[in-house]
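According to Swiss-Prot, the protein carries these features:
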| type | residues | note |
| --- | --- | --- |
| SIGNAL | 1-16 | signal peptide |
| CARBOHYD | N87 | N-linked glycosylation site |
| CARBOHYD | N93 | N-linked glycosylation site |
| DISULFID | C126-C153 | disulfide bond |
| ACT_SITE | D151 | active site, nucleophile |
| ACT_SITE | D218 | active site, proton donor |
| CARBOHYD | N432 | N-linked glycosylation site |
| CARBOHYD | N482 | N-linked glycosylation site |
| CARBOHYD | N502 | N-linked glycosylation site |
| CARBOHYD | N540 | N-linked glycosylation site |
| CARBOHYD | N579 | N-linked glycosylation site |
Amino acid sequence: MASVIALSLLLPAAFAADHSPLRARLQDGLARTPQMGWNTYNHYNCYPDEEIFRSNAKALVDFGLADLGYRYATIDCGWTLTERLANGSLTWNATRFPSGFPAIADYLHDLGLLFGVYGDAGIKLCGPSDEHEEQDAQTFAAWGADSLKYDNCFSEASLGYPNVEYAPSSPLKPRYEVMSNALQKLDRPILFQICEWGIDFPALWAPALGHSWRIGNDIIPAWRSVFRTLNQAVPQTDFAGPGQWPDLDMLMVGNGVYSVPEEETHFSLWAILKSPLIIGSALKDATTEINSESLRILKQKAVIGYNQDKLGVSASLRRRWTDQGYEVWSGPLSNGRTVAAVINWRGEARDLTLDLPDIGLQSAGLVKNIWAGSTSRNVQTSYTARVEGHGTMLLELRDTVPAGVYPKKIFGSSRGQGTVFKSVYAGSTSENYTLAINFAKTIPSASKITVQVGANRQKLSIAVPPSRQQVTATIPLVAGSNNTITISHSHPITAIQVTSPNGTYYPATQFSLTGAARHETCGEGFCQPVGSKVSYLSPNSTARGVIPASAGTKYVEIDYINNEVAFSSSWGWGANSRNLTISLNGGEPVRLEVPLSGRHSELFGPGKGWWDTATLGVSVDGWKEGDNEVVVGNVNGEKGFQPYAADFVGLRVFD
């Protein structure tokens, strides 16, 4: 969709009435790019000691990681005594850390590193600061701390302080506000990392209090947690910016649980989504040293550069092909560059193609394939490469042209008095594309040109009025990236532009329902753009509509709602996703596993996040001339963990 795809990426459809407040950020100069470093937890859990910590910190320097930006070295849980000192101060476990924290801070600072400490908003075990925030902040500063990771264990009084509570009785912002205020009173700047596992949608309030916030539950030593984490990141990518970074959790690279391609995918996506890059493996201790392949991944300068890019804009999800097992993310970089990632969710290696219009581009003068180590020049419309099972095609694109624009010098070739433009892209098969032809200079007198799309189409004669430098016409195109447009002309052409049809929107209110599916009215300004939705779609409950169209493949944008956040389920099957299927004229359904859309608290926000719409596009084949029966549901949902589909707001068919 030349001009449409650049706009329909995966956007929260609260676009008409954004109920999110302005997100203030700390103005202390810290974390202008995402923080990088190393943390004890993923490998050593709550059992770190001084020897382990010093050895790994030294490895940051010895392995060249510190020079690349990995400078925060953090001791996570397990460093405190169970009781405070007589004056109320926290102290370290002298058995595990005999030199003491001030000496450890000095050691790190002498290495050119920064000292990270760990605390907790609760009452016990993790280094609790509840009702001791100012005292603890002053203590951390006196020890020479440079950052504080602040957890939320044992904090829910109404339930007797369980270790973890995913549905607290009150909002979490006030609890973190106390420590944030205490840190801001210090003379020493301390990076504040909010870690309450994504509960209460911290993206709305954490940027005003800290420099990063955990978007979800812990990453686990299982490949499926990467998909789960990315699905939770989708509605939060636009919250990222200098001084405020969504934290996808510490890296598993080097822990021996992911394959090399999986580690490359994990590292690539954490980097381009602007997550803090915190190593969670053993770099070097008395018995363990990180393997060379994982170290190579952690030291990949281009990928680190995308994470630390001065523009500070996160990549976002652009397209997902659930049935085919791959998806595309992309985002802008400084100096007009673009980064794109094509993830292969299947377990086998295969060739995958990136259609550049899916990321808002039509061509690139230079494409770097980072993990393949290759470079291509003058790439037009699409790029194909081999991708390992569970691997990622990570690309940097330079010298790009926006989607829908076809300069003659790139796409055109002369043929007599004509010009042939190749590799013209169309998201849908449609008769309603708009072609704009740009001439090198103003046409002095009336003339005519002819346009032919493909080899077998009838030629179209277009009158060119005098004193014009551009003329437009409506043309047919076939879905795909191999359309050709031949223009016979007597005046020089510089470029053509192709704009997709606007499409027709069909709100869910126009669909009839079966089974338990029901229409629900949402709060004012929500469930955009309709104001209502269909919920409880399942294998036996559907929404059915009749949509007129021409024959062929169509690009369809679906407005959906999903806020089934995986908290306790994240340790097992939870994926932060729900399915939607579209069946056309009784044919095989197209399945789309949609990520979260909620942009408000799942506990206290309007509609508990179930009124926040997002949009995702899918190609649907099998349209016929005339009326088409469209069924939205969750075919085969009974076979998995998702019996209910995402809620359905409406869809737009581009024809």
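Positions of Cβ are set from backbone N, Cα and C atoms, glycine also.
From a predicted model like this one, the values you see are computed outputs, not experimental measurements.
Take the Cα of N432 (N-linked glycosylation site) and measure to each of the recorded positions N87, N93, D151, D218: the nearest one is D218. Comparing Cα positions, D218 (active site, proton donor) lies closest to N579 out of the glycosylation sites N482, N540, N579. Take the CB of the residue listed as 'active site, proton donor' and look out to 10 A: across all protein chains shown you find 15 other CB atoms.
Distance between Cα atoms for N579 (N-linked glycosylation site) and N482 (N-linked glycosylation site): 31 Å, as a whole number. N482 (N-linked glycosylation site) counts 13 other C-beta atoms within 10 Å of its own C-beta, drawing on all protein chains shown. Inclusion criterion for the recorded positions N93, D151, C153, N482, N540: a C-alpha placed within 10 angstroms of the C-alpha of N87 (N-linked glycosylation site); this criterion is met by none of them. Counting only the Cα atoms, the space from N540 (N-linked glycosylation site) to N502 (N-linked glycosylation site) is about 33 angstrom. Taking each of the glycosylation sites N87, N432, N502, N540 in turn and counting other Cβ atoms within 10 Å of its Cβ gives the largest count for N432. In the three-state DSSP assignment, the secondary structure recorded for N540 (N-linked glycosylation site) is coil. In the three-state DSSP classification, the residue listed as 'active site, nucleophile' falls within a strand. Looking only at Cα atoms, N502 (N-linked glycosylation site) sits nearest to D151 among the recorded positions N93, D151, C153. Across the structure, C153 (disulfide bond) and N93 (N-linked glycosylation site) are spaced 19 Å apart at their Cα atoms. On a Cα basis, D151 (active site, nucleophile) lies 19 Å away from N93 (N-linked glycosylation site). Here the glycosylation sites are N93, N579, and the one with the most other Cβ atoms within 10 Å of its Cβ is N579. Distance noted between the C-alpha atoms of D151 (active site, nucleophile) and N482 (N-linked glycosylation site) is 53 Å.
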